[in-house]
Amino acid sequence: MRFIHALLLAGIAHSAYASEKLTFKTDLEKLEREKAAQIGVAIVDPQGEIVAGHRMAQRFAMCSTFKFPLAALVFERIDSGTERGDRKLSYGPDMIVEWSPATERFLASGHMTVLEAAQAAVQLSDNGATNLLLREIGGPAAMTQYFRKIGDSVSRLDRKEPEMNDNTPGDLRDTTTPIAMARTVAKVLYGGALTSTSTHTIERWLIGNQTGDATLRAGFPKDWVVGEKTGTCANGGRNDIGFFKAQERDYAVAVYTTAPKLSAVERDELVASVGQVITQLILSTDK
């Protein structure tokens, strides 16, 4: 009798979970219709197992979300002893491109340290600092090699900033899929890709990111621990990737959207709305 009772409870729980995932999908499809948008979402656990998703295998332009795995690559080099965080990277005015606030600020001194550039790339989305790091690691191809090294066979970087933000429909360059990037986030933060010290530092940077207050973070409950890296592209691209801790459970998340008919503010609101849909799913399945 107890066995039958247990089976019934398991069946009810499975049915409820399936219902919540259907609601998740339905809510995202509704947002897509209302906003004339395409929305890609992947949520995975620390082992990279899928929790939920939508358009998970569809390619989207990475935009500046790649700056998080770029920073991870920099930390890997530091961890292995092939790089020093305090090494000064010299540069001149030619390194100043659109949206380079920290690079401009340090220009008078003629250099930034490796860690200063990495932090600026993550927390400010500084394009000059990003290109400076790309110069040091060996260019976009080296970034793609790092993706492959940590098990991501999909994500690719082909150009530097700002050219990589073209987001031309059908162009495979500088793209990823939500599931590939979510698993990359999980690998970096939970999979032992970095030392504990480097992992802690990059988590702290993501939590202190200064470009994401209006995106996923705005759609999540205030008591969740959230760290993320945003991205913005031409043709309506607005993205956010990172991690969150909800009810003592850790998750990696990747959200990629294309909404060319929306304003910049409306695209932020769209990503925040996706955050609300994710919240509803997580709270309902963690009961």
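We count from 1, first residue shown onward.
Just so it is clear, glycine is given a Cβ too, placed from its N, Cα and C backbone atoms.
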### Query
Taking S19, S109, S125, S198 as the options, which does Swiss-Prot list with K67, E161 at the beta-lactam site?
S125
### Task
Would you mind pulling the longest C-alpha to C-alpha span across K67, S125, E161, which the record has binding beta-lactam, in angstrom?
11
### Query
Considering only the recorded positions C63, S64, C233, which fall within 10 Å of E161 (beta-lactam binding site) when distances are taken between Cα atoms?
C63, S64
### DSSP three-state assignment for C63 (disulfide bond)
helix
